[in-house]
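*Asks:* Starting off with a structure, shown below.
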């Protein structure tokens, strides 16, 4: 047994864990999302926010059961490895690390964008790209967050507490102040469904709504550092999802209804250009200079706080990826003094810094990261179903109500959100995922003592559903209306994908690793978890 497993410190309370979830969700999404989704869907973006909230709540229920049952560092990567073998673990690790490491980059990019209001010269005038000084500021913020995380989980938690309290107060003030100027006619003057049904879908996927809701993974990632994970994890993931949905809905309502009619002469199209920094700009127009100042201050603190969480979470995901045996073993090392997976944290910082280079604009990263993260979330319902199918007697402190309805629906919704991201994003994201999975299988088969073909088939058998799922999504995306050739009309494409997903869900549920292999992995994990929970650990 790897002794590094025992060096994580159980220091986080239920309140700390909830703040991690809410702090991760409330990053840059609320600062930019309102205008982007209004331009795409108009007032019907309110429905999009509710759909996004329901989707994330269903996924929260799935993660609550898995996290309470198996409280592991970076658990979202390790669950598929337990249920469907190393290929599923590799795919989950690959997708999760890409999405989470780039989230840190997105947040510091957002902080720099708003800081430009106070310190001109950080952003290029005709684009959202940083100047050399602006990029230097981004790198400095990431370095500062890295140093905070190097100190250990307690230092991280205290910093997160301060930042999350601030980032909660300011949005609430924005809602209260803007609702004073609310004009109901704004909701219907240019049509409530201004962007149609497809506009509502696009607002969810590429407009920034799902990106705004992303933040459940860090809760699961910190599971080994929680004092009472069996109770804390379900409370944290569910309360974070509910609170975020409520505040996002109120923020969008306040924005839509408080825009002066003079700015609506051309309708909702292009509204994001008139309100590039939505709540800051509208506060100035309404004469609320003090509120605009608060928004700018919070707009620097809020994304920075989320970046702090994602940098921490990425290191736990890299550690978990290595623990599955499908990534380099050096990243399983945990520092005895700080309780941090130091090599994984170093790589987390390097990746976050890298992601500020090829995608310097906030909006350019949102679609890619949202799709990659939801792709990783989407695997969780199948893992939960497989675990229920193969290990029904496993102790589950929290059980999903109406399991046979909620888990397949969560899987279908996750798949649809990835599909709505469009062909441009899905084509390369899913293709790269498939290619990397096949290369991993070939490499693993080559290194095995078993004959190549025998090992390749053994690797493929429990995770074939996952590869077919990705291939099916590529085909639907190419043939559909979301940037594809339009061969399948809309919303027929959504219906066909739903049927396809139900078949994949049942296949994945019943084709996991043999029950004995699952139980051996879980038994070893639970022994490690119990040892870590002993006094003094």
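The backbone N, Cα and C atoms fix where each Cβ goes, glycine too.
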*Asks:* Would you please say which range out of 183-201, 202-220 has the annotation transmembrane segment in TrEMBL?
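*Replies:* Of 183-201, 202-220, TrEMBL gives transmembrane segment for 202-220.
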*Asks:* Tell me which of 306-324, 325-343, 344-362 corresponds to the transmembrane segment entry in TrEMBL.
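*Replies:* My reading of TrEMBL: the transmembrane segment range is 344-362.
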*Asks:* Give residue numbers and ranges for long-range contacts of the transmembrane segment (202-220): same chain, 6 or more residues beyond its ends, CB-CB under 8 A.
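*Replies:* Distal contacts: 17, 20-27, 29-30, 32-33, 36-37, 39-41, 45, 48-49, 51-53, 55-56, 59-60, 63, 66-67, 74-76, 96, 100, 103, 195, 233, 236-237, 240-241, 244-245, 248, 306, 309-310, 312-313, 317, 363, 366-367, 369-371, 373-374, 376-377, 417-418, 420-422, 425, 482.
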*Asks:* Have the transmembrane segment (282-301) and the transmembrane segment (428-446) got at least three CB pairs under 8 Å, pairs 6 or more apart in sequence?
*Replies:* no
*Asks:* Any chance you could find the range in 17-41, 232-251, 428-446, 458-479 with the most Cβ pairs under 8 Å to the transmembrane segment (47-75)?
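*Replies:* Stretch with maximum Cβ contacts: 232-251.
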*Asks:* Can you name the far-off residues of the same chain, 6+ from the ends of the transmembrane segment (87-111), with a Cβ under 8 Å from a Cβ of it?
*Replies:* 27-28, 31-32, 74, 76-81, 130, 138, 141-142, 145, 214, 217, 299-300, 303-304, 306-307, 310-311, 313-314, 317-318, 320-321, 324-327, 348, 351-356, 359-362, 365-366, 368-369, 372-373, 375-376, 379, 383, 433, 436-437, 440-441, 459-460, 462-463, 466-467
*Asks:* Taking contact to mean 3 or more CB pairs closer than 8 A (sequence separation of 6 or more), are the transmembrane segment (17-41) and the transmembrane segment (402-422) in contact?
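*Replies:* Judged by the Cβ rule, the two regions do not touch, with the required three close pairs absent.
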